[in-house]
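The structure appears right after this line, and notes come after that.
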Amino acid sequence: MTDSQQMTVDSSVHYTNIQDSPFNVAIIGSGNWGTVVAKIIAENTRENPLLFEETTKMWVYEEEFEGEKLSEIINRDHINKKYLPGIKLPENLIAVPDLLEAVQDANIIIFNVPHQHLESIMAQLKGKINPKTRAISCLKGLRVTADSIELLSDLIQDSLGIHCGVLAGANLAQEVAEQRFSETTIAYPLPDDYVPGDVDPTVLYTLFHRPYFHVHVIEDIAGISVAGALKNIIAISVGFVEGLEWGDNAKAAIMRRGLLEMIKFGRKFFPDCKVSSFTEESAGVADLFTTCTGGRNFKLAKTMAQTGKSAHEVEKELLNGQSAQGLITAKEIHTVIKNRGFEEEFPLFETTYQILFHGVKIGILPYMLENKWSITKPNYSS
């Protein structure tokens, strides 16, 4: 398959090769985006009873909100009052605080938790999931160690022995929750053990597509995974520029440089990445643009620039207990490029890291982009 040849699913296509019983779908994660995705899925399982079990379980990390258990609030009021207040959820969406109970009998599992929690969840699920189960990761990020870099979908696949695709796109959670029009990308190559009646692109299209949430299915897992992770670092840089009121020209310059570094990183570490995934898909340039104009990473960096507060302080004050994924990703990507001596090749990523974690002044961004990283510079943190 060439860069221009992508697997697509037309909205007029109906799934006819149904397995013996409907697919049972479970969602792991009930934060802001996790709840929005669960809402979409529950709407579609309710409307397609021949293809999906109507009851859709969502694992909820149990916590108290206003003196009550969050799972009980969701199941009684059909609203996630902590992470998605004011949005009514389908009544067939059931909050389950026990992880193993939530995924019991699931044929399709949707992973939608902060990626720093993924490995602990994998440890709980290991050996307990049918290898014929299929998964979709909605996580943004990469797994990085001192000597390796891994897609989170590969971590899920290797840990649980199940085939895993990826969903990403220009999807600000609140707008999708309010059913404003948007698009998303699903990357899902067919598994090696695929047989008719298995989960395929048409099944996934039916599971996720809504009149307000349009789906495009491709095969490039690595491309949209890299784009989904790195766009958060770029959004932080754009947030710095916005906070300092440098103007739209500066924001456009940062986004352009960021897109180039994103593509370069993807092709360097995952050679099978398709450039078209970055330039043509919702998970690529569209997600980058959206994240750089209204996402939580952008807002955090803008507030840092306006107030002079640290990233940790702003994250705690601004995000209601949620994480700014870009902070974690910036640190991980720094580890990767530093260990390989690639700082000169990724000046925007490296400068953003230095601003976040080492007190480097935001005002040096243009200088660092203009000059090679190896040039001796004065101490800009003073």
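Using N, Cα and C of the backbone, Cβ positions are placed for all residues, glycine too.
TrEMBL does not curate its annotations; it predicts them automatically.
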Problem - Residue among Lys126, Lys128, Lys132, Lys140 sharing the substrate site, where TrEMBL lists Arg296, Asn297 as binders - result: Lys140
Handout entry: Same-site NAD(+) binder from Ala146, Ala173, Ala177, given that TrEMBL records Gly29, Ser30, Gly31, Asn32, Trp33, Gly34, Arg296, Gln325
Key = Ala173
Practice task
Return the residue, from the listed recorded positions Lys140, Lys231, Arg296, with the maximum count of other C-beta atoms within 10 angstroms of its C-beta.
Solution key: Lys231
Practice task
In whole Å, note down how far the CA of Lys231 (active site, proton acceptor) lies from the CA of Gln325 (NAD(+) binding site).
Solution key: 10
Practice task
Check Arg296 (substrate binding site) against DSSP and tell me helix, strand or coil, would you?
Solution key: helix
Handout entry: CB-centroid shell, 8 A cutoff, substrate site Lys140, Arg296, Asn297, site residues removed
Key = Asn232, Ala235, Thr291, Gly295, Phe298, Ala324, Gln325, Gly326
Problem - Using Cα positions only, nearest of the recorded positions to Asn297 (substrate binding site) (Gly29, Ala173, Lys231) - result: Lys231
Exercise for the section: Select the most exposed residue of Gly29, Gly31, where exposure means the fewest other Cβ atoms within 10 Å, treating these as the binding-site residues. Expected result: Gly31
